[in-house]
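Down below is the structure, laid out as structure tokens.
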């Protein structure tokens with residue numbers, strides 16, 4: 001399908017600056033949004049319950065932070081995005097090309113909270129080695145990858161994608177069901193997303209978001225065939241309301257197909 005709502009103007013560099021540099025990416029405080037997201041993911045994978053051959057990340061964008069705890073538990077990570085500019089950014093990072101975004105503070109932080117004493121360069125090398133496929137995806141298609149994933153993924157991760165590409169809750173629920181088709185029955189899904197957000201900026205692009213509350217997310221999961229295991233939410237403090245979006249908070253969900 002054609003890009004919806006300004007995605008042809010999406011600027012990965014601006015998006016990264018808006019969300020993954022200070023003040024939002026301040027690792028000195030666990031009350032900051034980026035450390036909160038990283039802790040949610042680290043704790044989910046620390047349970048030891050979520051593992052397998054393949055994890056698919058839906059709508060990776062130009063970011064890899066969401067894969068740092070996951071990569072220790074899967075042989076292969078499949079990253080996906082609708083936009084070629086984002087897939088290219090991920091390819092460059094995976095190849096270790098100079099001039100890509102510096103994720104090292106994120107990797108160092110995750111190693112610190114996981115507490116295994118692993119050198120951060122080790123984790124970076126492992127993720128690069130396991131990030132073997134970076135594929136185009138359209139979550140509005142019944143087959144988001146254009147064909148079923150064979151075999152289906154053991155786990156699914158999606159961060160700040162579905163609500164940002166859905167004009168309304170019904171479309172969000174359908175997109176959730178579409179991406180659910182990539183997951184094996186019983187497979188685990190981890191979702192991070194925005195609460196109460198109507199837009200975000202990425203350079204010249206001003207992108208609409210469907211505003212969701214906790215009840216909307218719970219209902220959509222049930223309707224899309226997922227059993228909710230846990231729901232956590234974070235309220236965006238005034239200092240992090242920087243004008244790059246109007247987000248009220250963030251949700252973290254662990255669910256099972």
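The backbone N, Cα and C atoms fix where each Cβ goes, and this holds for glycine too.
Summarising the annotation, TrEMBL assigns S-adenosyl-L-methionine binding site to 15, 20, 59, 60, 65, 81, 86, 138, 139.
Here the features listed in TrEMBL are painted onto the structure.
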residue: 15; record: S-adenosyl-L-methionine binding site; contacts (Cβ under 8 Å, 6+ apart): 61, 62, 202, 203
residue: 59; record: S-adenosyl-L-methionine binding site; contacts (Cβ under 8 Å, 6+ apart): 80, 81, 82, 137, 139, 158, 159, 160, 161, 162, 164, 165
residue: 65; record: S-adenosyl-L-methionine binding site; contacts (Cβ under 8 Å, 6+ apart): 20, 34, 37, 38, 103, 106, 110
residue: 86; record: S-adenosyl-L-methionine binding site; contacts (Cβ under 8 Å, 6+ apart): 10, 12, 60, 61, 62
Over the residue list 15, 20, 59, 60, 65, 81, 86, 138, 139, recorded for S-adenosyl-L-methionine, what is the maximum interresidue Cα distance in Å?
-> 24
Count the other Cβ atoms sitting within 10 Å of the Cβ of residue 139 (S-adenosyl-L-methionine binding site), across every protein chain shown.
-> 23
